[in-house]
Amino acid sequence: MTDDGYTVGDYLLDRLAELGVTEVFGVPGDYQLEFLDHVVAHPRITWVGGANELNAGYAADGYGRLRGMAALVTTFGVGELSAANAIAGSYAEHVPVVHIVGAPSKDSQAARRIVHHTLGDGDFEHFLRMSREITCAQANLVPATATREIDRVLSEVHEQKRPGYLLIATDVARFPTEPPTAPLPRHSGGTSPRALSLFTEAATQLIGEHRLTVLADFLVHRMGCVEALNKLLTADTVPHATLMWGKSLVDESSPNFLGIYAGAASEGSVREVIEDAPVLVTAGVLFTDMVSGFFSQRIDPARTIDIGVNQSVVAGQVFAPLDMAAALDALASILAERGIESPALPPAPAPQRPAAPPRDAVLTQEALWDRLAEALTPGNVVLADQGTSFYGLAGHRLASGVTFIGQPLWASIGYTLPAALGAGLADRDRRTVLLIGDGAAQLTVQELGAFGREGLTPVVVVVNNNGYTVERAIHGVTARYNDITAWRWTELPAALGVPDALTFRCATYGELDDALTVAAETQDRMVFVEVMLERMDIPPLLGELAQSASAANAK
């Protein structure tokens, strides 16, 4: 609170702090500068400025994935539209971000004045209407109902795990009000006792004495149901897999973890167990083109229990309203109470780690991802940008306690660099590892300096394969539109404000090995590694998906 007394802006900030937000991302603009005075004065919230609104939105997304809530502040029109891509990505991938937009005063709006950052027609709700397509709740705040509307939007964002939009005019932000007197209303979503009872009965009948197999995905994490999932996985010997979207959702070092299921692009052993399971539970699963081998999954609904956010389906029969956690708990109870202990799975063949290449061997995609997977340690938060980084690492098992973040549905290249900033601020006790291609990094690299400003020490790996390799794999191998300008990457950290970063340029396996060894030993500064790869050296999984994408686009 500032010397102006307690305001609507203070109320909003207190509610955000109540939801666990301690950093607010954004770019200043004249329609929210007074509100930002209250942000920087708040005892529990820190302002984190972005190089641009898109980057700030991506950073908020990365923060929200770990914290469960994030906030972004932009100015009217020009600022909010610059952030719209990031907000749309958060909507697609179920990330709770509150987008706070500073607007011209209510007097200006009522008079339909032609002020800057507008379309010049006196209509101040163009962008509010646009926001309805990419947010779950919106409000144009007015003094009489501002606090009630703030509570409504924040509750919806928290419940639905999707972005919300608050339009707050300059005079509304400074309008006097009272602090909250009760906790923010939390909606449970609701489970009908009858729906739960009927679901349990149907699931018990379908499961019988069969071994249960589980395919889990990202929505389990978004809805806060990881503990309930783990309870199910430990109720019996339960073979399980995830989609790439849900990678690191479960402990990949478990003997019951099968690997990544991606339809026809899966390893044969994983595909066989999932598709031939007597009873398969799909938990929080959303099949999209790039995580399902372009919809090549073969899941028999008659043998499937599908656990969704608010409903579940047993062999085609729908049960609702039924929360995900309640359904998972019911399945765990069925296994625990039936008195049958499934035999242990036969030991999986020990993974055949290829011998390390000679130190002077030219670096390849295979060697890069093998060595990077080996370098990751418990507690790391790995952000892999869409493309060779995401698909190169997705097939490797991660150490217990590693968190993997990607964006396979929205698939906006460049997202992970600012998102790594947000993730690092969300949990400073964990080291972030950023894996990003050269083309993607050119879109958002301005945010690199913020890591130094905020005291973060990530490992940054830029995959330099001389352009848009994913696009080359789909179409236009030699086309000019898949080329990018060559940059002197290792000079960028210093140029952008991180002069103490350690930088490496690796063209051989030995150079990569040395760089990653130093990175593991150096925790007090950024380690920036440029790796040189052939432009058409493509991870096998990505190669298969690129062929499918090319075929789909040709139809």
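Any Cβ shown, glycine's included, is placed from N, Cα and C.
Remember, it's a predicted structure, so these values are computed and weren't measured experimentally.
Around the Cβ of GLU53 (thiamine diphosphate binding site), a 10 Å sphere holds 26 further Cβ atoms from the protein chains shown. Following the DSSP three-state reduction, the secondary structure of GLU53 (thiamine diphosphate binding site) is helix. If you look up Swiss-Prot, you'll see GLU53 marked as thiamine diphosphate binding site, on the strength of similarity to another entry.
What Swiss-Prot records for 388-470 is region 'Thiamine pyrophosphate binding'. Taking the region 'Thiamine pyrophosphate binding' (388-470) as a whole, pLDDT averages 97 in the prediction.
ASN465 (Mg(2+) binding site) falls within neither a helix nor a strand when secondary structure is assigned with DSSP, and so counts as coil. Counting every protein chain shown, the number of other Cβ atoms lying within 10 Å of the Cβ of ASN465 (Mg(2+) binding site) is 22. Marked as Mg(2+) binding site by Swiss-Prot on the basis of similarity to another entry: ASP438, ASN465, GLY467.
When the neighbouring Cβ atoms lying within 10 Å are counted for each of the binding-site residues (ASP438, GLY467), the highest count belongs to ASP438.
Across the region 'Thiamine pyrophosphate binding' (388-470), the DSSP tally of helix, strand and coil residues reads 36 helix, 15 strand, 32 coil.
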